[in-house]
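J.: This is the feature table in TrEMBL:
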TRANSMEM  21-44  transmembrane segment
DOMAIN    37-281  domain 'G-protein coupled receptors family 1 profile'
TRANSMEM  56-77  transmembrane segment
TRANSMEM  97-115  transmembrane segment
TRANSMEM  135-159  transmembrane segment
TRANSMEM  193-218  transmembrane segment
TRANSMEM  239-257  transmembrane segment
TRANSMEM  263-283  transmembrane segment
Amino acid sequence: NVTSVPTFYIFAFATSEYQKIIILTTVLVIYLIILNGNLLIILLICLEPRLHTPMYFFLCNLSTLDILYVSTTLQLIYVCHTGDHVVSYSSCMVQMYFYLVFADTECLLLTSMAIDRYVAICFPLHYSLIMSKQVCVLLSFPAWFVSSINVSIVTFLVYNLTFFGLVEVKNFFCDLKALMNVSISDTTSSKTFIIIDSLFFGVIPSCSILASYVRIIYTVLKIKSSAERWKTFSSCSSHITIVVVYFSCAMSLYLSNSQEADVVLSLMFGTLVPMLNPLVYSLRNRDIIWAIRRRIHKNRTCF
């Protein structure tokens, strides 16, 4: 039940030459920050034995995910550079699939990181035993697997919708919400499933993260020394920052009823979180800063 002309026209921003240059330059700079920042974290975690802990295992997964996640929307750079807004039906479906997989996986991965922080603070003596390599893999691999299966169902629903002619998608990539709006099919049942699915992937992880931090705060408050309380809770500050930004952008995008707002929120959702991850974990993490200094010193001594 697919369109006879399987093409989409990506249209999100004004197309004057001056605006194209501004958008292209801005997005390219942001992408390079995201790519280089996350690659730096991945390399440091792989090279430094001191960073071979559960916390940095999840962070390495998150950095890898952020690179893949933001790379799915590079179409905006291509559109601005070439002026070619037309995307084939199959390319659109593939882009939407991977974008949703990475978005869902990030949500579940942030939940796994919250569980890691909960165990580290509430059960410090048993942390190494509880958060073994096997447990870390069991917390990370299902996030990728479950997201892939879930998004396959969503993609199948969209694939079976009918589109007519050269369809204008009012976003800078093949966004699920934008595609549902331009279909000429009855999307009631599909939208109902997607709403339930979004609530499942939004409410359960957010409640799990909230429950973890309620328990963490309760444990931290029992520490007598204010300096120790701050030191203990500060180990969660980077994760809390990412979680707040991620779920705030996701919730705003979910509740938005404006196409113009969807474009802006999608851009924030697709760039702000992946860019914040390396910045927050680099500037506010003593282990990462130590690893960077050690690598610099080691390279100097080699020369």
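Yeah, the Cβs are placed from backbone N, Cα and C, and that goes for glycine too.
No curator has checked TrEMBL annotations; they are predicted automatically.
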J.: When you scan the chain for residues with a C-beta under 8 Å from the transmembrane segment (56-77), skipping those not six or more beyond its ends, what do you find?
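T.: Here the qualifying positions are 10, 12, 23-24, 27-28, 31, 34-35, 38-39, 41-42, 45-46, 87, 95, 98-99, 102-103, 105-106, 109-110, 112-113, 116, 136, 139-140, 172-173, 242, 270-271, 273-274, 277-278, 281, 287.
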J.: When the pLDDT values for the domain 'G-protein coupled receptors family 1 profile' (37-281) are averaged, what is the result?
T.: 86
